[in-house]
Structures are given as structure tokens and as C-alpha cells.
Amino acid sequence: MADQNNPWDTTPAADSAAQSADAWGTPTTAPTDGGGADWLTSTPAPNVEHFNILDPFHKTLIPLDSWVTEGIDWVVTHFRPVFQGVRVPVDYILNGFQQLLLGMPAPVAIIVFALIAWQISGVGMGVATLVSLIAIGAIGAWSQAMVTLALVLTALLFCIVIGLPLGIWLARSPRAAKIIRPLLDAMQTTPAFVYLVPIVMLFGIGNVPGVVVTIIFALPPIIRLTILGINQVPADLIEASRSFGASPRQMLFKVQLPLAMPTIMAGVNQTLMLALSMVVIASMIAVGGLGQMVLRGIGRLDMGLATVGGVGIVILAIILDRLTQAVGRDSRSRGNRRWYTTGPVGLLTRPFIK
């Protein structure tokens, strides 16, 4: 045992070995934190969040966003070639309209459109169309207006081809109408921007995807008003046609559709206006025309460029609205005159008609 009164006495070997191993005199007691884990790399225990009845929607309860994303990814992976095949007829018809409208010299196109307006709605509308189209060309928006007109006419054509037979079928099948009507409600209330993301993923960008998204956005009115027009045909006329032995085909084409034509044309008018309202939104996916002018003007803070595009859209909308309203007039309001006896066509055919 070492003498405690002798300052020169040596410490035990165990103590000297401990001091040589730890020059700073750190205590050598065993750690009590459960295995000596490094406090720099250790993560704290997660706090368990309990459901709070006063704030029930603090966390997402239904992961709708992930479901939709996974669903669209699955559709893109498995059905993208199918949707790329849908592009073919749309692209073909759109290119045909663009070549027709852009291939004609502007003066020839203005005269042709003015004559068509005269034939459909009278000489006053013909003059208004002439002046309006000259104004579009004068402000420097002629080519963009023709591109927009081609896009709108293509979308309108497909809406009529799809919507008119579908409306006739739903008018004859109340059970199917109950199933389709909520879908039409959802299509009409969904914001237009929502359609852009899946359309871009399935079809890409450009004019053809712009036409597709316009068709989807503008389709419900023509379906709804076709159903309404056929259902509003007086029941006594239907009974009279049946009593005279009319077949279902004859009843449809000679009784129901002619009487429902004003309402159907109101649906065409609404579809056309929705298609024009989609022009600026569709320009966000690289769709050309007047909407692209408006978008570029907004992006550059160029009020003049945006105004030119906006004025062009307004003029086109007014012309097309008046023309579709004129087509939708009841034939009885025009009397017994045939279409080929009025307007510029009547000037050519009148000498040959007794």
C-alpha cells in the first residue's frame, strides 16, 4: 500500500494506465444512454400526432392527388399509343382548314365570308362581316385570326359529330341520360386549366392537343341542348306522326330534328362560344393564333399586342355568334322561301326559277 504522506510515492499501475490512456482526465464511467450512441447522428424519437377533433383536417385524410397522379401515369404508360392515334384525324382536318383559310388571299377570303354571311343572315350581316374582317386585317391580326378560326371550326366539327348523335341517343334513353348527366355537370364545372395537364401528358403540346382540350371543354352544351330540343317536341305531333305510320327513323329526321333545330343550334352557338373562350387558355400549351398574341402580350407586359389579340377574338366571336343564331332561326319564320331563292345564291338562281 502506498504511503499517502510521501509525495514521491508512485500511484498504482491501474491508475497510471488510465491516466496515460486519457490525458484530459475524462471520467471513464460507462455511458447510461443506451449503448453509447453518438448524439450528433442520433435522431430524436418521432412525436406521435394524435387525431384532434377540433382540427380534423390538419393532415390529408384522402390522398386524392397521389391517386390521380398514379392513375394518369398508368394511363400514359399503357394507352399513350392509342391517344397518339387519336391525333391523326384531328391533325388531318385541322391542317385542311388551315391550308384553306391561309391559302386564300385575304381579299378573296373577306369577300367569300361576307357572301356567306349575306346568304345566312341577310345583307346587313354581310356588310358587317365585310367591315369586321377588314378591321382584323388592318390591325395586323389576319393570319393569327385564320389560325384561330381553323382551330375553332375543327373543334366545332368534332363537337357536332360527337355531341349530336350522343344527344339523340340520350334523349331516347332516359336511363342512360341519368348516368351521363352527372358527367356532363362535372365537365362543365371543371376549370379549363385542369384539362391541360392530362392532355399534355397524353398528346403533347401544339395545335392538335389544343383542339382536343377545346373539344372536351366545349362538348357538353350541344349534348344537353340536343336532349332538350328533342324532349320539347310536342307529344301531339309525335302521336300524329305515329298515327300516319311514320317509322322511328322518319319520326326522328322529319319531325323531331326539324322541330328541335332552333334549340340544337343554340347548343352549337354555346359550343362555339366556349371554344373561342378556350383560345387564350389553350395558348399555354403552345397553341397558335390570337390567343398566343394575348399570352405573349401578357408575358411581356405589352398592352398593345394583347389588345390586338383580344380585339380579334371579340370580332370573331361576334361574327360567329350572329351567324349561328341566324342558322338557328325557325324555318317557319322565314316563310315558304327556300334558301336558294335568297341572298347571293338567289341572285344567280332567280332567273332560272319560275
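Don't overthink the numbers, they just go from 1 along the chain as shown.
Glycine residues also receive a Cβ, built from the backbone N, Cα and C atoms like all the rest.
Under the topological domain names given by Swiss-Prot, Thr189 lies on the same membrane side as Gly297.
As a summary of secondary structure, the topological domain 'Periplasmic' (292-300) carries 9 helix, 0 strand, 0 coil according to DSSP. In this chain, the transmembrane segment (122-142) does not touch the transmembrane segment (149-169); fewer than three CB pairs sit within less than 8 A of each other, excluding pairs fewer than 6 residues apart.
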